[in-house]
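Peer 1: Just lifted these from TrEMBL, have a look:
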type	residues	note
COMPBIAS	290-305	compositional bias 'Polar residues'
DOMAIN	172-241	domain 'Sphingomyelin synthase-like'
REGION	270-305	region 'Disordered'
TRANSMEM	78-97	transmembrane segment
TRANSMEM	109-131	transmembrane segment
TRANSMEM	168-188	transmembrane segment
TRANSMEM	200-217	transmembrane segment
TRANSMEM	223-241	transmembrane segment
Amino acid sequence: MNLYIRREASKLWKRLCSEITTEIGLLAENWKYLLAGLLCQYIHGLAARGVHYIHRPGPTLQDSGFFVLPELGQDKGYISETVFTCVFVSFFLWTFHPFIVESKKIYTVLIWCRVLAFLVACQFLRVITFYSTQLPGPNYHCREGSELARLPRPHNVLEVLLLNFPRGVIYGCGDLIFSSHMIFTLVFVRTYQKYGSKRFIKLLGWVIAILQSLLIIASRKHYTVDVVVAWYTVNLVVFFLDNKLPELPDRTTVLLPVVSKDRTKEENHKLLNGNGVDPADWRPRAQVNGKDSSGGHTDNNTNGA
């Protein structure tokens with residue numbers, strides 16, 4: 001038993017070191033994209049903070065979702081936040097699973113570059129919409145009579161730039177159309193739908209996304225329109241960008257030389273004797289039943305040892 005544990009621990013350590021080395025190399029190449037994505041997250045928070053200063057509380061607007069879904073109440077508002085936190089933490093941990101479990105699809109740095117690109121595009125559209133028209137917030141702390149519904153004039157620049165985190169984020173008002181929680185949830189679910197491997201988790205992800213939508217409305221944190229607009233906007237943005245961005249490299253791709261029918265005898269002779277070939281002739285090839293994708297037979301004993 002001890003021998004087995006030591007052997008498995010040694011394998012895990014080697015995998016961890018190998019992944020760290022690989023990811024550091026990718027980070028050195030892509031750190032600008034990650035930094036830009038994180039900076040845009042801060043700018044989005046700054047914009048949400050700014051719209052709170054111009055928010056004016058008023059009567060809650062008529063909403064079909066409010067008629068259909070019973071109100072959870074102020075004391076149960078934590079339920080939707082708990083679901084969202086579980087989704088966020090679960091996805092974050094999944095993006096780091098190649099460090100421990102063998103993965104055939106993703107690199108952590110590259111997957112986060114892609115996710116941040118989706119988030120930034122959606123949040124840019126969100127900022128435009130909630131600054132275009134300010135609606136009276138349906139949340140309890142945004143209603144008339146609440147001290148948090150209006151922000152007093154800031155005393156200094158730092159009060160705005162620091163966002164009063166985390167209180168200012170939790171008790172924001174005015175940034176309604178469309179839901180930021182649904183942006184993150186749908187981006188995470190769609191990303192796992194494409195790069196995840198467990199069919200059950202993919203199905204569970206969509207069920208949780210629907211549940212999250214209903215909980216947000218039942219908690220009166222957003223109007224139904226905020227959630228509906230998020231569903232089609234985020235999906236369209238991700239679909240469009242996913243087709244425009246370069247696809248993630250396949251970790252299992254092995255490059256083998258392609259044997260061309262037009263290759264000269266001299267080139268074939270160089271190949272058989274282990275001499276270099278033109279790098280342009282290297283392509284991914286699959287081998288099935290002793291034949292490569294070009295129809296030629298593979299023979300490991302070329303020189304008949």
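Numbers run from 1 along the shown chain.
Including glycine, each Cβ sits where the backbone N, Cα and C put it.
Values in this document were obtained by computation on a predicted structure and should not be read as measured data.
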Peer 1: The transmembrane segment (223-241): which same-chain residues, six or more beyond its ends, come within Cβ distance under 8 Å?
Peer 2: 61, 63-66, 117-118, 121-122, 125, 129, 135, 138, 176-179, 182-183, 186-187, 190, 213, 216-217
Peer 1: Please give the average pLDDT for the domain 'Sphingomyelin synthase-like' (172-241) in this predicted model.
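Peer 2: Result for the domain 'Sphingomyelin synthase-like' (172-241): average pLDDT 95.
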Peer 1: Same chain, outside the transmembrane segment (200-217) by at least 6, Cβ under 8 Å from its Cβ: which residues?
Peer 2: 63, 65-66, 69, 72, 79-80, 83-84, 87, 179, 181-182, 185-186, 188-189, 192-193, 223-224, 226-227, 231
Peer 1: When secondary structure is assigned with DSSP, how many helix, strand and coil residues does the domain 'Sphingomyelin synthase-like' (172-241) contain?
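Peer 2: Grouping H, G, I as helix and E, B as strand yields 54 helix, 0 strand, 16 coil.
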